[in-house]
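A.B. asks: One structure, as structure tokens, below. Some questions next.
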Amino acid sequence: MRFSISALVLGLAATVYALPPGAPSAGGAGSGNGVGNKGNTDVRFSVPDNMTVKQAQAECGDQAQLSCCNKAVYAGDTTDINSGILGGTLSNLIGSGSGASGLGLFDQCSKLDLQIPVLIGIPIQDLINQKCKQNIACCQNSPSSANSDLIGLGLPCVALGSIL
């Protein structure tokens, strides 16, 4: 009986030790996005701090609109162990092999407009990081609506930081 209780206590201690660390406190070490420990932890592709809204819109081009997205879901992020002569050849060709960053689906996006200053003589440069603290994305101009779709993909978006 003593052995089973000792084994149980040892097993519980090993489980507690193997658990990942708890979430860091707000503003503490590890609460940022890995780039100088600042910003939102959901932002995977950050943009430079000195980039303006006008520069970001130019990077998106005329076929896409600059958007600020509250939610991003990333699929992928896998490490594959392939065996055999041609193991993993197909997945590496389509870009889903080891180290693939996965597909980012953005949701709850709002358009970021380039505002015209009221005082014409004073140039104002709005920094993109001051306008949007979440995921900054270039969303395709599309008249489609995904409100009643099963999958719900109306506006395909690409993270701005991934194309810089």
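Using the three backbone atoms N, Cα and C, a Cβ is placed for every residue, glycine included.
Features from Swiss-Prot:
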type     : residues      : note
DISULFID : CYS60-CYS138  : disulfide bond
DISULFID : CYS68-CYS132  : disulfide bond
DISULFID : CYS69-CYS109  : disulfide bond
DISULFID : CYS139-CYS157 : disulfide bond
CARBOHYD : ASN50         : N-linked glycosylation site
SIGNAL   : 1-18          : signal peptide
A.B. asks: Rounded to the nearest angstrom, how far is the Cα of CYS60 (disulfide bond) from the Cα of CYS68 (disulfide bond)?
C.D. replies: 13
A.B. asks: Quick check for you: of the recorded positions ASN50, CYS132, CYS138, which have their Cα within 10 Å of the Cα of CYS157 (disulfide bond)?
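C.D. replies: CYS138, listed in sequence order.
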A.B. asks: List which of the recorded positions ASN50, CYS60, CYS109, CYS132 have their Cα within 10 Å of the Cα of CYS139 (disulfide bond), in sequence order.
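C.D. replies: Cα filter at 10 Å returns CYS60, CYS109.
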A.B. asks: Cα of CYS60 (disulfide bond) to Cα of CYS69 (disulfide bond): how many Å, rounded?
C.D. replies: 15
A.B. asks: Which residues does CYS132 (disulfide bond) neighbour through Cβ under 8 Å, counting only same-chain ones at least six apart?
C.D. replies: CYS68, LEU112
A.B. asks: How long is the line from the C-alpha of the residue listed as 'N-linked glycosylation site' to the C-alpha of CYS138 (disulfide bond), rounded to the nearest angstrom?
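C.D. replies: Here the two Cα atoms are 18 Å apart.
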A.B. asks: Show which residues of the chain containing CYS69 (disulfide bond), separated from it by at least 6 in sequence, have their CB under 8 Å from its CB.
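C.D. replies: The answer is PHE106, ASP107, GLN108, CYS109, SER110, GLN134, ASN135, ILE136, ALA137, CYS157.
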A.B. asks: CB neighbours of CYS139 (disulfide bond) within 10 A?
C.D. replies: 19
A.B. asks: My understanding is the cutoff is Cβ-Cβ under 8 Å with a sequence separation of 6 or more in the same chain; which residues meet that for CYS138 (disulfide bond)?
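C.D. replies: Set apart from CYS138 (disulfide bond) by at least 6 residues yet with Cβ under 8 Å, we have GLU59, CYS60, GLY61, ALA64, GLN65, LEU66, SER67, CYS157, VAL158, LEU160, ILE163.
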